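Residues annotated as active site, S-methylcysteine intermediate in TrEMBL: Cys332. TrEMBL lists Cys111, Cys115, Cys118 with the feature [4Fe-4S] cluster binding site. The S-adenosyl-L-methionine binding site feature in TrEMBL is assigned to Gly158, Glu159, Ser190, Ser213, Leu214, His215, Asn289. The domain 'Radical SAM core' feature in TrEMBL is assigned to 97-327.
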Amino acid sequence: MINILDLDLKELKKWMEDNGESKFRAKQIFDWIYKKEVFQFEKMTNISKQTIERLKEAFYIGIPEVLEVFTSNIDNTKKFLFKYEDGNIIESVVMRYSYGNSICVSTQVGCRMGCKFCASTIEGMVRNLTSGEIIAQILKAQSEIGERISNIVLMGSGEPLDNYENVLKFINLVNSEDTVNIGQRHITLSTCGIVPKIKELADENFQITLAISLHAPNDKIRRNTMPIANRYTIEEIMEACKYYFNKTKRRITFEYALIKGFNDKEENARELSFILKKINCHVNLIPINEIKENRYKKSEAHEINKFKSILTNEGIETTIRREMGSDINAACGQLRRKYMKQ
Ligand code: SAH
């Protein structure tokens, strides 16, 4: 059985033709799923019974089941624990901003990058999610909140560039008028820095925002928490970022999670600004989410502000990430782990 969400409109049209159905039905089916949020073939009232039977023999509509929803009392952030057909569980988070709803989607079940501060990677990677399984997170979340989602960040569990083909197909799918029609400029892909894949992505000529999880001002500090730093140096990442910028003219975002006494000193900020001054970028400082599996602690507010002011004084645009949904364990991977333990 094929998950119909893994197909783009052209592929479904082809299937219809190959199977003796009229291909304009494909658009009608897409409208039911993506515009009307109808996730059962039987409810597609303008499709004949016979066609519906044939569709059901070949396809399923892979919408995950909602295991749990947590709503933040602070900022109305909603965290969904979704379960796919094969029993795998992932998390998606919907954040409400003044400019619209934003969703943080997962791209893999678990992750194999091994960053020490991150809960998603503790048990390794189970499997990649398909493009349809990623888009299904948006469809289900939209139908649950009863509102449109207009922004996507690929910052849930998983390393998007470690699931390159499916993530690429996902971006093309969501960007299409045939589906949820979310503009590329409303999509941010976050990576721990898989250099060759950053270059490949640049060559796609997308207009998406690239975010790099840097989290350290030099390789020595970076290697303490991020195994990928043994593979690629910061210098190589910067070179790939420049390549990305030159190709796309999109400003790069650098994420920097501040860990107390580890990467949050003034000298760290100075070293960071020295590297980043050479590149057109924006820095997002993230007070680290403390998880019980490790000993990393959040930097103090005054240290975070100091760090920010050093970067700002060097002319680097810097923001401190608002902590959304802190009362509902909204940080990566924490809920899934809690659930699996039970
Ligand atoms: N694998 C990708 C995307 C998923 S992680 C990446 O590494 O970018 C999304 C972001 O959350 C990354 O910047 C990641 O480093 C960060 N993150 C992971 N664990 C965190 C924690 N405990 N506190 C704060 N940020 C964390």
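The backbone N, Cα and C atoms fix where each Cβ goes, and this holds for glycine too.
Those TrEMBL annotations? Automatic predictions, nothing curated.
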Reported mean pLDDT - the domain 'Radical SAM core' (97-327): 96
Proximal residue to Leu214 (S-adenosyl-L-methionine binding site) among binding-site residues Cys111, Cys115, Cys118 (C-alpha distance): Cys115
Cα proximity to Gly158 (S-adenosyl-L-methionine binding site), best match among binding-site residues Cys111, Cys115, Cys118: Cys111
Glu159, Ser190, Ser213, His215, Asn289 filtered to the binding-site residues whose C-alpha is within 10 Å of Cys111 ([4Fe-4S] cluster binding site): Glu159
Neighbour tally for Gly158 (S-adenosyl-L-methionine binding site), based on other Cβ positions within 10 Å of its Cβ: 30
Among Glu159, Leu214, Asn289, the binding-site residues whose C-beta sits under 6 Å from ligand 1: Glu159, Asn289
Local Cβ density at Ser213 (S-adenosyl-L-methionine binding site) - other Cβ atoms counted within 10 Å: 24
Cα distance (Å, whole number) from Cys118 ([4Fe-4S] cluster binding site) to Glu159 (S-adenosyl-L-methionine binding site): 12
DSSP-derived structure type at Ser190 (S-adenosyl-L-methionine binding site), helix or strand or else coil: strand
Proximal residue to Cys118 ([4Fe-4S] cluster binding site) among binding-site residues Ser190, Ser213, His215, Asn289 (C-alpha distance): Asn289
